[in-house]
There are 2 protein chains.
Amino acid sequence: MPVNLSAPDPAALFAVPGVRIGVAEAGVRKANRKDLTVVLIDEGSAVGGVFTQNRFCAAPVQVCRDHLAANYGIRAMVINTGNANAGTGEDGLMRTRSTCIALARQLDIAPEQILPFSTGVIMEPLPVDRIEAGLPAALADASENHWARAAEGIMTTDTIPKAFSQRVQVGGATVTITGISKGAGMIRPNMATMLGFMATDAKIDPALIQPLAKRLADASFNRVTIDGDTSTNDSFVVIATQKAAHATITSLDSPEGKALVEAMQNVARLLAQAIVRDGEGATKFITIQVEGGRDAAECKQVAYAVAHSPLVKTAFYASDPNLGRILAAVGYAGIEDLDQTGIDLFLDDVHVAVKGGRNPSYREEDGQRVMKQSEITVRIGLGRGHASETVWTCDFSHEYVTINADYRS
Amino acid sequence: MPVNLSAPDPAALFAVPGVRIGVAEAGVRKANRKDLTVVLIDEGSAVGGVFTQNRFCAAPVQVCRDHLAANYGIRAMVINTGNANAGTGEDGLMRTRSTCIALARQLDIAPEQILPFSTGVIMEPLPVDRIEAGLPAALADASENHWARAAEGIMTTDTIPKAFSQRVQVGGATVTITGISKGAGMIRPNMATMLGFMATDAKIDPALIQPLAKRLADASFNRVTIDGDTSTNDSFVVIATQKAAHATITSLDSPEGKALVEAMQNVARLLAQAIVRDGEGATKFITIQVEGGRDAAECKQVAYAVAHSPLVKTAFYASDPNLGRILAAVGYAGIEDLDQTGIDLFLDDVHVAVKGGRNPSYREEDGQRVMKQSEITVRIGLGRGHASETVWTCDFSHEYVTINADYRS
């Protein structure tokens, strides 16, 4: 069961003019599953993306990078589940390119105008024939109103589809933002998440789309972790179809740019947090705030050390205020000159540790009360500067082991 | 159940002349447990130690460092379980010093001649009164033949005591080496393990004891990981009582020095591996060899990324040859310029991946066969140099979650 997250109401997901989505059952790995999604993007749209930093990146990630760099204008995306096409070498690249060529023929565009995405099992050959055979059905299904279907079509171990919409006033016009994401395990994105897609009809200088994608990822998908395993396929794509009735945004820091970025960041954060809320086996949603660091990097380093500690995560699962485990993780986070006598620890409003030791007024029942909640904020003060950072994670349960011991069977 | 590891036969543990051990039930956390161990060391022994790199190191670790630096000649060690005296601030330091003062009075030595060790729950005050009250019983129990009792006396979540002995010829004399260790969770030692103690009657220049301790730890305890959580209390101590009948060893690289180091490394490696074999919830013992790296550091980095991946560890638990997870971990290990087309992967003798892709002759049933074993070697070729490194770890099971969700209750 995801933590405080329910499936999106399709009626609450706004269509984005210029984007149509079709979903089909291609039988990539198993029959009777919506496992093939095609996103059609009107000519003139600006498209940017950020991808996994995993050096073992998947074939589709490599092809996406090439196609964005080719700069022909992206007109479609094709997404399959059931197979990640990662760890597949040169053959995997050829299979991804074949998929792009097949879709390009049907749409009468160049293969370089297509971004391919795959998610699922690693190191198995992509069944290109089945994907190609599924394309006509996916194209026939294309509609502006299929965001909810797409959110479902890209799921793997997710228990629930993830989609959010928002409208915002920009330069006197109403702009729509809609996004979807997927991912529940192998989640510690570095640049982007497993798969996240956002579209807006906003009009922005195409030169801004890439910095916008990076800025959005940094404030959302690059702040979540489930198991510390950075996927081979992480991809986050932002589409601006340029159909809205405002003047073109030429700077992300202009008043109009800021309004758009803020609204898009809000949707991106909801999408990223939704991945954690639906984290494999998650029973709790944990916000880790690190303050008083010398710089943002060391705050993030400490936050991730805490977020990845199996001992911390199992203590949250058990609602056991065994909070020394958090201090231990802070200590091994890798800050060479950290002075433990400067450390404070809060659990929501409860002041647990002061100057690196137990707070004399801390009572176990107060810690216990917070640990039982489904949403918990851990606040760590490093006492050595003014930087702060936040990451979001979940707990670590029996169910995580069950899911990952059984995933392929 | 530990993986291919049984309790030591007390009769197979050789006494080390100059070292006596006494164990008592002090009721530190729970009644009727052997939780207090005292090790008495004859005058003139050389003692060295290496300690956790966790910046949140426990009070006893800080006091051990101070007492070794004071250089009065270490004459005793006192070890309690049930309480780690970590995350306890200035008060924790005072309590550790009180323990040393109490034991020093009974032995008529200086407090600085005592090394204190604590292991157990973090962030709770050490019950010094109970430890002091238990000292006379521990001292009355002191005997050269109590290594097996000591191995039991220092256990926490361990399911089995860990002790090994070896005899070796050095410079025409028979030298005895005996060691004990403990630890099953919060194990990713950096400099040393949770607790490891080794003694030998070898005669070595006291100036060599510290480099010897470091060399032994680097080849043993610094090569194991269970959950990636570096403890606040890791300590590894080496004692040389100087009683053997050979000429003093003045270099670790002389023929006599090498013979001693080799035998001691053998015992240290067995002690370190025993911790992994008894890892919390472990069902398999995994050796991870990384070859073809530019330097040892990057090999170790890759080995630890694989050893810490929850996805890799749960796949081993499930005997599921979902081996793409290993490639993914290699990819996110942090080698910026890693070329995935140079990667080879072997599971024992089975060649799984070649040039970053699935080996065409790899058959799933071969992977499956190896995954079902209780001892598995993962060999990763990076194809970019001649360095290699090995680390040892275990799988990740339901039982790990159960143990750590229940540890304090």
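Backbone N, Cα and C define each Cβ position, glycine as well.
TrEMBL lists A:Thr156, A:Lys182, A:Thr193, A:Glu280, A:Asn404, A:Ser409 with the feature substrate binding site. The active site, nucleophile annotation in TrEMBL covers A:Thr193.
Among the binding-site residues A:Thr156, A:Asn404, the residue whose Cβ has the fewest other Cβ atoms within 10 Å is A:Thr156. Applying an under-8 Å Cβ distance to chain B, the binding-site residues A:Thr156, A:Lys182, A:Glu280, A:Asn404 reduce to A:Asn404. Remark: A:Lys182 (substrate binding site) has A:Thr119, A:Ala151, A:Ile154, A:Met155, A:Thr156, A:Asp158, A:Pro161, A:Lys162, A:Met194, A:Leu195, A:Gly196, A:Ile275 as non-local neighbours, by Cβ distance under 8 Å and separation of at least 6 in sequence.
Look at A:Lys182 (substrate binding site): DSSP puts it in a strand. In the three-state DSSP assignment, the secondary structure recorded for A:Asn404 (substrate binding site) is helix. Neighbours of A:Glu280 (substrate binding site), defined as other CB atoms within 10 A of its CB across all chains, total 27.
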